[in-house]
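Input: a single structure, listed below in structure tokens.
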Amino acid sequence: GVPCLCDSDGPSVRGNTLSGTVWVFGCPSGWHICTSDGPTIGSCCKK
């Protein structure tokens with residue numbers, strides 16, 4: 001999957017670990033959305 005920036009990772013992608021994964025059709029079972037304002041396409045989810 002494509003990595004994405006969770007709220008807990010910091011304010012920007014520079015120098016921060018991207019702990020989320022983009023899921024186009026929503027988070028799979030056992031995962032949760034980790035952003036307050038999600039990406040334009042899909043959801044940024046983490047385990």
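Indices start at 1 and increase along the chain as displayed.
Placed from the backbone N, Cα and C atoms, the Cβ positions cover glycine too.
Taken from Swiss-Prot, the feature disulfide bond applies to CYS4-CYS44 (among others), supported by similarity to another entry. According to DSSP, CYS4 (disulfide bond) is assigned to a strand segment. Counted within 10 Å of its Cβ, the other Cβ atoms near CYS4 (disulfide bond) come to 22, all protein chains included.
In three-state terms derived from DSSP, CYS34 (disulfide bond) belongs to neither a helical nor a strand segment and is classed as coil. Annotation source Swiss-Prot lists disulfide bond at CYS6-CYS34 (among others).
Under DSSP, CYS45 (disulfide bond) is assigned to a strand (E or B) in the three-state scheme. Non-local contacts of CYS45 (disulfide bond) by the CB criterion (under 8 A, 6+ apart in sequence, same chain) comprise GLY20, THR21, VAL22, TRP23, GLY26, CYS27, PRO28, TRP31, HIS32, ILE33, CYS34. Under the heading disulfide bond, Swiss-Prot lists CYS27-CYS45 (among others).
Residues or ranges marked as site 'Important for toxin activity on Nav channels' in Swiss-Prot: ASN16. Long-range Cβ proximity for ASN16 (site 'Important for toxin activity on Nav channels'), meaning a same-chain Cβ under 8 A and a gap of 6 or more residues, is found for LEU5, ASP9, GLY10.
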Pick the one among the disulfide-bonded residues CYS6, CYS27, CYS34, CYS44 whose Cβ has the fewest other Cβ atoms within 10 Å in this structure.
CYS27
Would you mind reading off the Cα separation of CYS6 (disulfide bond) from CYS44 (disulfide bond), to the nearest angstrom?
7
